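Input: a single structure, listed below in structure tokens.
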Amino acid sequence: MVIQGWSGVNVGEDDNPSKNPVLSKVRGHQRVPSGSQEFKDLTKRDALEQMKNDIERLVSTVPEAQREATKKELDGFSSLFERYLQEKGPSLSWNDIQKLPENAVRDYASLETPSTEDARNMLEKLVVVKLNGGLGTSMGCRGPKSVIPVRSDLTFLDLTVQQIEYLNKTYKVNVPLVLMNSFNTDADTQKIIRKYKGVQVEIYTFSQSCFPRIEKESLMPVPKDCHVEKNLEAWYPPGHGDFYESFSNSGLLKKFIKQGRKFCFLSNIDNLGATVDLNILNMLLKSNSTSEFLMEVTDKTRADVKGGTLIQYDNKLRLLEIAQVPKEHVDEFKSVKTFKFFNTNNLWVDLEAIERVVSEGGLNMEIIINHKSLGNGTNVIQLETAVGAAMKAFNHSVGLNVPRSRFLPVKKTSDLMLVMSNLYDLNHGSLIMSPKRMFPTTPLIKLGDAHFAKVKDFLSRFANIPDLLELDHLTVSGDVTFGRGVSFKGTVIIIANHGDRIDIPAESLLENKIISGNLRILDH
């Protein structure tokens, strides 16, 4: 039997290394066994080299006029992939987390309200950016999530445009709205925004990057060419952390800086509480302010235990996500006492600082590894980043503890139920909690996935949305329907067991009730 040595020398199994200097030399330089660090480093170098070749091949499939832009975009992917291969172990040491300095998180109540004239001058220095890359598939809807009707037949996008138009008319200013789309939402969004032509809001759009998914085992890109629309499943938008690079590449960043704009206010389009706040803008534009980055945080409740939080690390304020937490410290991370705040993803960032950080390549955001399976069963990974993780790259970053009303996301139909209800009044596109509600907190609502997860199914089960003004907690599971004019108070739990059905009659008042089993009361 003859074994092919790594250097190309034929090695017989009976040869004695001590008597054969060539053999001794070959075996001394053989690759070490699988599982060792050297082997891992070697395979990573191979994977990086192969990926560079594959990216060049992908770029070559693009028409020449688009190649430079495509190469620039995929260079961002290559940089992310290289960091992914090089990183060893956790991105931070748990024991090195420092206590938050006294002024790291300011209280919203301490902010001053600017005069009307000051507010007008400040608004001329603002750009509003909405993250609009998500689809409505998790709620059973097609197309961009931003076009799901949430209140009075108005969509997330309608409400956002209404808010900014009201601001522009009230203060006689021209605050622009910028939508960061993904390749999933861009075409539909372009068609939809045509209806706002008569509205007093300048709307700009740009697309975040489009990166190739990576085969988990081979670490090779899934797509064979750059014809994204022909194989959508092979590509992905790399998380909202891509905002900074894509905003810069779009040319809009430079355009707004030239206009004299100073800050952008960035938030998720499905957070209906994320409206322009003049007190925050005033704080940032004061002559003595040096903050380049402000993150709105709010008090953590038991419903928010998985949300990112603020920490001090290496003498800088930064975002800590649950994915970065060692398993043995997850309970500590979830503790409301240890980490009191969580990130709302409402961010205020200095435009010139974004330009500086991007040009210096200083973002270095933690990589989120997202595991997926394709329709054909192939296991893939996609490398993503979170927009708030860039906090550590900016100077004098600060947290601001804002009221809970500034965090009103709609991720599930249970959230939709809240914003469609009488808990909120609609005022120029903004949702304001009803003064009739006795408590400042929102009720906790849990709706069973099997019957309520999709918007269409959810709406079919309510003749109209019940009165929630005095509700604390609602749990509904199973085949349950509701008549018109139902009211909930206190804690209400309704469980229809498998095979059973519960119909709540019109005008029912349920206060501190548990209903289970089978109940059908039909209107006559």
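Glycine is no exception: its Cβ is also placed from the backbone N, Cα and C atoms.
What TrEMBL records for Lys145, Gln208, Gly239, Asp270, Lys411 is UTP binding site.
Long-range Cβ proximity for His240 (substrate binding site), meaning a same-chain Cβ under 8 A and a gap of 6 or more residues, is found for Leu131, Gly133, Met180, Gln208, Asn268, Asn345, Thr385, Ala386, Val387. According to TrEMBL, the substrate binding site annotation covers His240.
If you look up TrEMBL, you'll see 1-38 marked as region 'Disordered'.
Within 10 Å of its Cβ, the residue among the binding-site residues Lys145, Lys411 with the fewest other Cβ atoms is Lys411. Around Gly239 (UTP binding site), the same-chain residues at least 6 positions away in sequence with a Cβ under 8 Å from its Cβ are Ile368, Glu384, Thr385, Ala386, Val387.
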